[in-house]
Amino acid sequence: MKKAEFIGFFHFLLDVYNELSNRSLHLQSNRLILPMAVVKLTNCISNLKALLVSPACNIVANRDDHTGDIPTIAKYFGTKTRYEEVNPYLLNDILFVNKTPLRLQQDCSPVHISAVIRHGTRYPTAKNVKKMIAIYNLAEKRKHRGRGLVDYINHWDMWYNDTMDGQLVEKGRDDHRNLAVRLATAYPSLFSEDSFRDCRMKFITSSKHRCVDSTLSFIEGLVKKYWKMQDRRKDMHCQLEVNDELMRFFDKCERFVVDVEQNKTALQQVDLFKTKPEMQGVLDKVASLLDIAASDITADLVEAAFYMCSYELSIRNLSSPWCQLFDQEDAKVLEYANDLKQYWKRGYGHEINSKSSCCLFHDLFKRLDKAVEESTVSEPAAFQIGHAETLLPLLSLMGFFKDETPLTADNFAQQGGRVFRTGHIVPYAANLVFILHRCEESHRLQLLLNEKPLCFPNMDNPAPEYQHVKNLYSNLLEGCDFKKECKLPSAIGAVNPIIHEL
């Protein structure tokens, strides 16, 4: 088969995959259920798709990249950060679990685990691919100038295309397969084969392909790598629940859509920062290195080049020539630009950002309450796979990573030690895990973020009594009504969300 024919066949498979996935969702009791037979078929095509666009294929081969090298700017990629940057020990042993900080001082036994997890590593969205191609084309025009870095970049082949559009990559599948094994290793009593076979382990996902595929990979990690089940087809009969009301609540919250998503002034701090000397300095430097006119470069194009470096690392484990455009000081500026956007769009910048997650907050505590009340817990585990946009509002609602001074366009220098750092909080496969323990006198709740203990606000105990946690959030538990918080005056009418996904 000729190369052009092969690429044509590859794009045909992508179309089949997308069409089949889109048609495989069925409405049932106001929720979407994905039949497991269809899930397997779409996942099979998805795996073939990942193989066809893998770095091993000739159609995407590059020459001057360095496999295994980690750019010095890797920890500044914000929401496009690898999970391994948060837990670098995994680079040596991807299944390593340090159980010491997870042990409770009290005599307790874990009885339930609930986890909200971001999808794994993905391709760039079609919107970002267009920006990446634009900056690549600008650099390519200078390839005959004979300058070192320009020549180096032009030996790099643009292999990204808009058909990838945010789909999960094989590394993203591994993110979830391995996470499943590590969580099961840390809390083996909550991950029994019988619970899985009896469908007492719950799996809820966003309708987006990357989330469905991440959920399937999480299950696959348990079935194949942890339990090592022999008759896998028989044991994979439980259905996934696709529930966008919970996992994409931001699309359903009309007040958020109107006041933030569609409001051009809601992110004015982000727009203002792009005009500040810090950002302008990065733009001028990149223009100089690429030997292009400063008037041809924009903040969006520079960010595209920055994230080109991040995608090459996260998807292909390569340090590409794009990384050489930036030093750590440049990366800190671009990281702040990303954090500023998430702060005002998903975090503390606007109250409705966090309040839009009320439904997910109540769902979690309803499940925990049920586990507390039952003498024998009927549902030992629940896993909810969504987006960075799912986790950031929930964490903000619960009071985590709140800086004393709000992030603005004018205080970049003062925010060097900020706690709101999205690359540390919500990298690919980020996970917020609630483990309920039954102790002699009470239940205790342990919280982990990215597999490390996270103390509740104003609490020093890594596993406080469950009732104390409920007291901490009493105002939210007694209020935080999603319908009331998200309701708009009737005169405004229906809204359509503008979707920008992470």
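Glycine is no exception: its Cβ is also placed from the backbone N, Cα and C atoms.
Note: TrEMBL links Cys108 through a disulfide bond to Cys439 (candidates: Cys439, Cys455, Cys480, Cys486). The CA atom of Cys439 (disulfide bond) is located 50 Å away from the CA atom of Cys323 (disulfide bond).
Spacing of Cys323 (disulfide bond) relative to Cys108 (disulfide bond) is 48 Å (Cα to Cα, whole number). Ranked by how many other Cβ atoms sit within 10 Å of their Cβ, the disulfide-bonded residues Cys108, Cys309, Cys323, Cys439 place Cys439 at the bottom.
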